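S.K.: Take this structure, written in structure tokens, and hold onto it; I'll ask about it next.
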Amino acid sequence: MTIESEDEKPTYTVDEALVKMGFGKFQLLVLAYAGMGWVSEAMEMMLLSFIGPSVQSFWSLSSEQESLITSVVFAGMLFGAYTWGIVSDNHGRRKGFLITAIVTSGAGFLSAFAPNYILLLIFRCLVGVGLGGGPVLSSWFLEFIPAPDRGIWMVIFSAFWTIGTIFEAAVAWLVMPRLGWRWLLALSSFPSSLLLLFYRVTPESPRYLCSKGRTAEAHHILEKIARINGKKLPSGNLVSDRERELEHRSLLSPSSDQDDINLNRMEGVPDLTETTDEDSTPEWKDSNMGGLSSLLMLLSPRLIKSTLLLWVVFFGNAFSYYGLVLLTTELNSGHNRCVSNELQYDKSQDINYKDVFITSFAEFPGLLISAAIVDKLGRKLSMSSLFFCCCVFLLPLLFHQPQGLTTILLFGARICITGTFTIVYIYAPEIYPTSVRTTGVGVASSMGRIGGMVCPLVAVALVHGCHQTAAIILFVIIIFLSGISVVLFPFETKGRDLSDSVSSSKLVNAS
């Protein structure tokens, strides 16, 4: 709600403006752009399932060399997720996803022309660096959504990932048998190129602009949103969360600001008590946080519990998600029966593109369940329930089951883990203030990349070694611990306004 005092105009925040204007045509355009970025990331990740055997045969690679093609992508993502988060928090969301689109599309296209194995590894690693910027687009879209609608629209945004995986499987089904792996690499880089084509018309996040003191620019974008959506802005002056916080404190306890001075300087928050020209934007002191400062902010007393628990959840989610995708193949391919190495090798070369295409649809029920419960039960209860249900689906696999039942149980487990993955990408940006939002989500995403790298080396290796029970126990333990971590999250974010700074987030969380 707007605030008004004697002899002063009322004020409103970005969240209040977005709630009044609602979700409309403008946000749909933002969704289309951010969704295309999500599709491109899903396609680049999905193609790793297809090109390995072909490249291995083309260059007579060993199994270890084939595995390295996937590992370097995750290694690049590990670096990119942290780097692009800092870039976008310091220099703007638009600059963050511009650079990632250039790197991803360029390196992805050049991968198709790699003359040898070493250059292919280099180009795929660079693709991974670009893909690490995925959280920038999700945070950018999140900052345009009215608080009451964030849950459902972030689930819809996550659906673009599933669309990307299905589309890539369809393209591979059509292209690989006829044209080969180089054409698949080239065609899969096309969606990232579309991001560059439409970049000039993308707006900067008004929340980011407000957090940097650029309220005139933020107001201009909000006016554009109101015009396109056919709505009106609230009356009065646009203020940041920090300015709103000072308004509250000036009424309640004017002397209480001193406690947050050092914290605000770390975040690049200006001294709002300094006088400025009426029509000018306040000048920011130390507005750009360095990488170390951003990381220290994530580990500050007010955020450290959420940050560490989020790292556990992202690791567990990625480990489980990629593990279940791999196990769906492993437990139905004869590996769990410990067939001969020669037979296993022959099967590994025979990719059934039709089956992969069909099983990609398993994620849609998870998205539908997420959409149905995320705003009714809340983020925490939704995630924890799905984690624990996933454990229930996996427990019967401790013992050998018929192939049909095994497929059904893994299908149910994948539905649950898709749901938790979807919801954690809603919850993660909501718990961090604007000043470190993409850095926080990026670092957490990096922890997920580690989970994705470790999973094939540990869990699937156990299945290959005839240790299915040990592999399932490992998955159940990690998924159960992830569920417990969700329960321990310090607060629920359903329906809450986003915060701009750590100090203002304390007020939001306490409300």
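Including glycine, each Cβ sits where the backbone N, Cα and C put it.
According to TrEMBL, the protein carries these features:
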type	residues	note
TRANSMEM	28-48	transmembrane segment
DOMAIN	30-494	domain 'Major facilitator superfamily (MFS) profile'
TRANSMEM	68-87	transmembrane segment
TRANSMEM	96-115	transmembrane segment
TRANSMEM	121-142	transmembrane segment
TRANSMEM	154-175	transmembrane segment
TRANSMEM	181-199	transmembrane segment
REGION	252-284	region 'Disordered'
TRANSMEM	308-327	transmembrane segment
TRANSMEM	356-374	transmembrane segment
TRANSMEM	381-399	transmembrane segment
TRANSMEM	405-428	transmembrane segment
TRANSMEM	440-463	transmembrane segment
TRANSMEM	469-491	transmembrane segment
S.K.: I'd like to know if the transmembrane segment (308-327) touches the transmembrane segment (181-199) in this structure, counting it as a touch only when three or more C-beta pairs sit under 8 Å and are separated by 6 or more positions.
M.R.: no
S.K.: Cβ under 8 Å, sequence separation of at least 6 from the ends of the transmembrane segment (121-142): give me the contacting residues as numbers and ranges.
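M.R.: Contacts of the transmembrane segment (121-142) (Cβ under 8 Å, skipping residues fewer than 6 from its ends): 30-31, 34, 37-38, 41, 44-45, 68-69, 72-85, 88, 93-94, 96-97, 99-108, 110-111, 114, 150, 154, 157, 192, 205, 425-426, 428-430, 437-438, 441-442, 445-446, 449, 498.
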S.K.: Should anything in the same chain at least six residues away from the transmembrane segment (154-175) have a Cβ under 8 Å from its Cβ atoms, list it; otherwise answer none.
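M.R.: Those are 31, 34-36, 38-43, 45-47, 50, 138, 141-142, 145, 183-184, 187-188, 191, 353-354, 356-357, 360-361, 363-364, 367, 370-371, 374, 418, 421-423, 425-426, in sequence order.
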S.K.: Looking only at residues six or more beyond either end of the transmembrane segment (96-115), which have a C-beta under 8 A from one in the stretch?
M.R.: 37, 40-41, 44, 80, 84-85, 87-88, 123-124, 126-127, 129-134, 136-137, 140, 182-183, 185-186, 188-189, 192-193, 195-196, 199, 438
S.K.: So, taking each listed stretch (28-48, 68-87, 381-399, 405-428, 469-491) in turn and counting its Cβ pairs to the transmembrane segment (308-327) that are under 8 angstroms, which one gives the highest count?
M.R.: 469-491
S.K.: The transmembrane segment (28-48): which same-chain residues, six or more beyond its ends, come within Cβ distance under 8 Å?
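M.R.: Answer is 69-70, 73, 97, 101, 104-105, 108, 127, 131, 134, 137-138, 140-141, 144, 153, 156-158, 160-165, 167-169, 171-172, 184-185, 188-189, 191-192, 194-195, 198, 202-203, 228, 360.
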S.K.: Is it true that the transmembrane segment (381-399) and the transmembrane segment (405-428) have 3 or more Cβ pairs under 8 Å, skipping pairs fewer than 6 apart in sequence?
M.R.: yes
S.K.: Taking the domain 'Major facilitator superfamily (MFS) profile' (30-494) alone, what is its mean pLDDT?
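M.R.: That stretch averages a pLDDT of 78.
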S.K.: In the same chain, which residue numbers or ranges, 6 or more beyond the ends of the transmembrane segment (405-428), come under 8 angstroms Cβ to Cβ?
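M.R.: 135, 138, 142, 150-151, 154-155, 158, 162, 310, 313-314, 317-318, 320-321, 324-325, 327-328, 331-332, 362-363, 365-367, 369-370, 374, 379-380, 382-383, 386-387, 389-390, 393-394, 396-397, 440-441, 444, 479, 482, 489, 493.
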